[in-house]
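**Student:** Below are the features I grabbed from Swiss-Prot:
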- Cys181: active site, thioimide intermediate (ACT_SITE)
- Asp188: active site, proton donor (ACT_SITE)
- Val80, Glu81, Ser82, His220, Glu221: substrate binding site (BINDING)
- Ser82, Lys83, Arg249, Gly250: NADPH binding site (BINDING)
Amino acid sequence: MNPEHSPLGKATVYAAQYDASLLFPIPRAGAREQLGIAAALPFFGTDIWNAYELSWLNARGKPQLAVATFYVPAESPNIVESKSFKLYLGSFAQSKFDSVDAVRDVLKRDVSAACGASVSVQLVSPHDFGKLQMEELDGLSLDRLDLDTDVYEPDPSLLSAAADEAPVEETLVSDLLRSNCPVTGQPDWGSVQIHYVGPQIDHAGLLRYIISFRNHTGFHEQCVERIFLDILQACKPLKLAVYARYTRRGGLDINPFRTNYNQSMPDNARTARQ
């Protein structure tokens, strides 16, 4: 399915009852082919979706609510278009379910089917909201650099690394990531964390490269995969992990993570802007 056929940018009709058919899958293959990715992925990882506007009725008609988190594996053949995800979650509002577990099971079944892979689902009930974390991405901030730039389309030539020096291990972060929805043109604001082991990456060039996404159109997942591949090819790190946390839209935030080495899942802690 093409993004142009999704609910994005079209008049919205809210479903009166639960409707799994609202989910609109988009194949990852098209964007990956443009990046030169063949069948064998050069990374693995997860897309972490947080949903803050999930509510349903219990068996007696009383509204219930939860914050939902979906863990979509990067190897899944599809992503779900975000507005369709919002409409799908909204369709639960006037539908009755016997328990929280029943809601979780339905969410897992439907989203897994749309993505074409097993998706993990967690629901946090109101009595546990106090346990939800908020913290900034850990690492050395690139935004401290005072520099000039005029490149606002992705340009990997901005990237360089000191290949003739000893390898280093660094974690670098920036809050200056911005890209744009390929269907509506709406800006997507995010923060990005880059951890690597290898030749030291030029910090100013990396920040200019991150800023260069400012006028780029692409879904969150596609932007992170492009960042990962450009750094991998231009700087040749031995190990690389890229994690972005995008601000919320329509009650959803999307947080893609890509890596080429075994490590634990990054913390799903909201940043201040989320």
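Keep in mind that glycine also has a Cβ here, set from the backbone N, Cα and C atoms.
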**Student:** Out of Val80, Glu81, Ser82, Cys181, His220, point to the one nearest Arg249 (NADPH binding site) in space (Cα versus Cα); all of them are recorded positions in the record.
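**Tutor:** Comparing Cα positions, the closest of these recorded positions turns out to be Ser82.
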**Student:** Fewest neighbouring Cβ atoms within 10 Å: which of the recorded positions Val80, Cys181?
**Tutor:** Cys181
**Student:** Compute all pairwise C-alpha distances among Ser82, Lys83, Arg249, Gly250, the residues listed as binding NADPH, and give the largest one in whole angstrom.
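**Tutor:** Greatest Cα-Cα span of the listed binding residues: 9 Å.
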**Student:** Please identify, among the recorded positions Ser82, Asp188, His220, Glu221, the one with the smallest Cα-Cα distance to Gly250 (NADPH binding site).
**Tutor:** Ser82
**Student:** Can you name the residues of this chain that are 6 or more positions from Asp188 (active site, proton donor) yet have a C-beta less than 8 Å from its C-beta?
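**Tutor:** Counting only residues 6 or more apart in sequence, the Cβ neighbours of Asp188 (active site, proton donor) under 8 Å are Arg178, Ser179, Asn180, Cys181, His220, Tyr246, Thr247, Arg249.
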**Student:** How long is the line from the C-alpha of Lys83 (NADPH binding site) to the C-alpha of Glu221 (substrate binding site), rounded to the nearest angstrom?
**Tutor:** 15
